[in-house]
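Visitor: Below you'll find the structure I mean.
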């Protein structure tokens, strides 16, 4: 899981210092998707060889200070990336920070990637073999792998290029798309345009929108943007569409247009005859709905908060239990707990205070760091839990770090035991089946529901059914 954001200034608008600020604001809105590092790359729309790059470890607010943003002044296109590392964990150096920049036959290209390639090891060997004079990849991330594959496609098609449309690499990107397996949502930037691409399964979200300046015109956009989630669009922006699974959208100063769609499986190019996989089923990641995405984001036409609340209502129908209060592990499961309470008639009562200055534990890169974050992040509201029989709802369980600690905290604070146990329910289905294509989570506990119950000393563990 990462956050990607891109913005392109409209042709009839003069370059100014607003674009870097809007790009930084977009990444701040996507901070929940990755906190390890941040990067921004800008183009002036003229120089094919030079891109302005700022990168660093930490949060957006740490990197996007005035001194750094000033380096992007004059840019007409900017892409940015918040990183939660999946691949590349062994080398947390600055060269793993995205966007990746590659120097190609047609100029400099920058790529921001959200997702996880399932065949990265095989592709890495192929790309390393193709690189000349023993020069290899500089990182072990699959995102750099994609960047090098794009560069290779550009080199193969170099003689067929149209000099009048030098920044157009849609054919080369389509070839690359046909050669890699999920999951990916990509932003690819040349000197004069931006491409937003989503894998044929639609596993990772991506949307595009138009930005307006009400002081100038409510009908003519001043810029266009692409983002992992609609929550990253500025307040004066309109969500134009979600990028469809298998679709490639081109964004330039002239506007937004779709240049490749999922149905176009047979790509007729002179230099290659790639074959996309026909009838690819959509496979959206359930974690986007129950955990990753922000409540105010729109995905597949639905507001995330509404979906989570419906999950809670379904959970109440499937697993109603006698209790005094319904509570949850804040924040992503709050809507599900409220939905459960509304459906079951059991009152909702918060049991934890969440320290907003501590980040998400799930996206910390090591188990030691995750455990540390949990203790610092939550405090028990003792007066709310003393003597209470509690239904505790969380969005999901992957490693089991959070729930085991929080159950002990509630019991130590005086929560009443029922049958020697707490009751806790999960608003998603069992995640043992979910983690292969969405993101790398090698530390996930591959255990069944009964084993989860024994792990926590609980008799009432329940996941929402798939049919729900």
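Any Cβ shown, glycine's included, is placed from N, Cα and C.
Okay, these came from TrEMBL:
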| type | residues | note |
| --- | --- | --- |
| ACT_SITE | 2 | active site, nucleophile |
| BINDING | 332, 394, 395 | Mg(2+) binding site |
| DOMAIN | 2-254 | domain 'Glutamine amidotransferase type-2' |
Visitor: Give the distance between the Cα atoms of residue 332 (Mg(2+) binding site) and residue 2 (active site, nucleophile), rounded to the nearest whole Å.
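Guide: A Cα-Cα distance of 17 Å.
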Visitor: Cα of residue 395 (Mg(2+) binding site) to Cα of the residue listed as 'active site, nucleophile': how many Å, rounded?
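Guide: Spelling it out, the Cα of residue 395 (Mg(2+) binding site) and the Cα of the residue listed as 'active site, nucleophile' are 19 Å apart.
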Visitor: Look at each of the binding-site residues, 394, 395, and point out the one with the fewest other Cβ atoms around it within 10 Å.
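Guide: Counting other Cβ atoms within 10 Å of each of the binding-site residues 394, 395 gives the minimum at 394.
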Visitor: Would you kindly give the Cα-Cα distance separating residue 394 (Mg(2+) binding site) and residue 2 (active site, nucleophile), rounded to the nearest Å?
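Guide: Per the Cα atoms, residue 2 (active site, nucleophile) and residue 394 (Mg(2+) binding site) stand 22 Å apart.
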Visitor: Test of understanding: give the count of other CB atoms lying within 10 angstroms of the CB of residue 332 (Mg(2+) binding site).
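Guide: There are 25 such Cβ atoms around residue 332 (Mg(2+) binding site).
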Visitor: Across the domain 'Glutamine amidotransferase type-2' (2-254), what does the mean pLDDT come to, as a whole number?
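Guide: Within the domain 'Glutamine amidotransferase type-2' (2-254), the model's average pLDDT equals 90.
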Visitor: Under a three-state reading of DSSP, tell me whether residue 394 (Mg(2+) binding site) is helix, strand or coil.
Guide: strand
Visitor: Where does the residue listed as 'active site, nucleophile' sit in the DSSP three-state scheme?
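Guide: For the residue listed as 'active site, nucleophile' - judged by DSSP and reduced to three states - the answer is coil.
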Visitor: Let me know the DSSP-derived helix, strand or coil state of residue 332 (Mg(2+) binding site), please.
Guide: coil
